[in-house]
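A short worksheet on the structure shown next.
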């Protein structure tokens with residue numbers, strides 16, 4: 001299986017499977033001289049790790065990241081400085097229960113990658129889905145922690161804005177609320193609604209989809225290039241690479257199709273300091289594939305988890321009709337833990353374009 005690497009100058013390769021002994025990543029192209037501590041990476045993995053509420057999988061993983069290369073340790077024994085060589089990171093798997101998947105070893109779960117993996121490669125890791133499992137994304141979050149260090153002054157934050165048909169009230173948006181509830185919701189009022197709704201989904205052994213919004217602030221103007229190297233193109237590509245993602249939009253996205261040209265175009269005025277001021281941000285901070293200096297806004301839709309307790313019609317590897325019912329521990333709404341994953345992907349895209357711009361134009365330091 002090829003294509004386990006993304007990025008141009010800031011390149012990330014992930015490896016490992018859901019039920020293997022460990023998984024991890026190699027970050028190549030990280031500039032030398034970046035100083036950080038392990039806790040600067042661990043904080044993002046802690047947001048993503050399973051078992052933190054009844055609304056996510058009860059698989060218990062500490063997701064403790066280890067940095068194996070690419071850094072030098074300071075005298076304090078904690079602070080690391082990047083050397084410019086590949087940064088390799090490892091996360092051990094400690095709570096696999098492969099026996100839960102014995103009954104579906106030759107069955108294809110509807111909506112899952114089981115069938116297509118077997119079709120393409122003639123073999124698949126049925127234990128938790130192998131590489132197709134969202135477990136793989138822990139390594140991406142670790143890489144995103146490094147990416148956040150690359151671009152000075154950039155803040156990347158995400159939030160869950162919709163579960164099923166239940167959407168947040170954007171008038172209640174408060175970033176301080178995001179880490180105060182199990183859903184990463186910026187709207188405190190929607191939390192009890194989601195709790196009741198997901199409790200019903202969970203008890204029925206079913207699952208539901210969600211929408212996540214990621215906003216990057218402090219992005220320098222001028223990142224990205226026309227046509228085949230657009231910043232929004234690469235953000236969309238990386239978000240689409242996340243397991244279970246079925247749609248991505250930048251700025252107003254699909255809503256722009258219902259908007260007039262007068263309302264959609266972001267009007268501009270010159271500020272007192274000589275810096276242009278945008279009067280709105282329908283473009284999501286990107287015009288012509290190049291960042292405007294406004295916040296970069298992306299949303300992505302995550303489908304319902306395919307592994308559910310409800311019995312469904314399918315086939316097996318022998319071509320027989322079967323009824324599939326998945327046991328094991330699964331997310332009733334995988335979109336919850338997709339919030340830090342989406343943040344990581346946007347951070348990696350911005351870091352890559354920052355380094356590419358610096359190398360091509362020399363205008364950024």
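Glycine too: its Cβ is placed from the backbone N, Cα and C atoms.
Look at Swiss-Prot and you will find 48, 54 tagged as NADP(+) binding site. Feature annotation from Swiss-Prot assigns FMN binding site to 131, 132, 133, 243, 244, 288, 303, 304, 305, 306, 307, 329; the stated evidence is sequence analysis.
Annotation: 48 carries the greatest number of neighbouring Cβ atoms among the binding-site residues 48, 131, 303 [cut-off 10 Å, Cβ to Cβ]. Neighbours of residue 54 (NADP(+) binding site), defined as other CB atoms within 10 A of its CB across all chains, total 12. Looking at residue 48 (NADP(+) binding site) and residue 133 (FMN binding site), their Cα atoms lie 14 Å from each other. Of all the binding-site residues listed here (133, 305, 307), the one with the fewest other CB atoms within 10 A of its own CB is 133.
Its Cβ placed at the centre, residue 244 (FMN binding site) has 23 other Cβ atoms within 10 Å.
Residue 131 (FMN binding site) carries a helical DSSP state (H, G or I). The two recorded residues, residue 131 (FMN binding site) and residue 54 (NADP(+) binding site), have Cα atoms 25 Å apart. Residue pair residue 307 (FMN binding site) / residue 54 (NADP(+) binding site) shows a Cα separation of 16 Å.
When the alpha carbons of residue 305 (FMN binding site) and residue 54 (NADP(+) binding site) are compared, the span between them is 15 angstrom.
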